[in-house]
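Noted in TrEMBL for the protein shown:
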{"type": "ACT_SITE", "residues": "67", "note": "active site, proton acceptor"}
{"type": "ACT_SITE", "residues": "134", "note": "active site, for ring-opening step"}
{"type": "ACT_SITE", "residues": "136", "note": "active site, proton acceptor"}
{"type": "ACT_SITE", "residues": "141", "note": "active site, for ring-opening step"}
Ligand SMILES: O=P(O)(O)OC[C@H]1O[C@](O)(CO)[C@@H](O)[C@@H]1O
């Protein structure tokens with residue numbers, strides 16, 4: 001894994017935007033994997049500014065999001081559909097965007113459909129990831145099989161607590177979600193993992209120094225041959241001797 005150390009959240013966001021924009025410019029019809037949560041909002045804001053100032057076009061881009069809550073309407077301000085439209089899609093010229101449908105009548109079928117859709121498009125070229133404090137990627141909670149395709153998850157209490165900040169109350173946070181599986185994520189040709197803030201320092205430490213184990217889902221990324229981590233000083237505050245463990 002290649003690690004790019006940056007000063008803070010702003011630097012992380014602009015470095016990530018630089019990499020993503022280069023990808024969009026280099027490859028026509030590029031397939032991007034996108035994430036939600038607090039981590040990528042600065043990246044999306046930077047993409048919007050670049051689109052307005054430099055005209056980077058997303059007309060030929062197709063995007064696939066990692067996950068979606070089960071039971072929320074697309075128009076619900078807490079759905080990941082809404083988040084993506086509001087934080088990015090409506091501000092740029094992207095036309096082909098996909099997220100799992102958390103209201104599909106047959107959720108199992110929806111999971112299979114989503115993986116097939118990604119495969120039919122030739123797979124994801126660049127997947128953006130954040131990381132949960134417990135090491136989750138997408139909504140793959142600790143204990144998820146590394147071989148899991150897109151599937152339904154029961155959200156951990158700690159994940160619901162962490163995401164409760166977006167809802168009126170913890171009771172409103174859905175208990176289930178659809179997430180791209182670890183297998184789906186690992187099929188991406190390239191992965192860009194963004195890690196910022198002191199709250200993520202322990203996860204960062206475990207990722208770099210710990211074993212590869214299903215108890216810490218992000219640890220599987222060490223087996224991928226093209227992962228770049230952009231981490232800020234606070235996230236790296238618990239990591240010693242970085243140069244010895246960064247490859
Ligand atoms: O970026 P945040 O808000 O810290 O969340 C971390 C991770 O948790 C999720 O929001 C899911 O809980 C992921 O989508 C995200 O990558």
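Residue 1 is the first one shown; counting continues down the chain.
Cβ coordinates are placed from backbone N, Cα and C, and glycine is handled just like the others.
Comparing residue 136 (active site, proton acceptor) with residue 67 (active site, proton acceptor), their Cα atoms are 12 Å apart once rounded. For the recorded site, residue 67 (active site, proton acceptor), the DSSP three-state label reads strand.
Around residue 141 (active site, for ring-opening step), a 10 Å sphere centred on its CB holds 20 further CB atoms from the protein chains shown.
For residue 134 (active site, for ring-opening step), the same-chain residues 6+ apart in sequence whose C-beta sits under 8 angstroms from its C-beta are 141, 142, 156, 158, 159, 203, 216.
Ranking the active-site residues 67, 136 by how many Cβ atoms sit within 10 Å of each one's Cβ puts 136 at the top.
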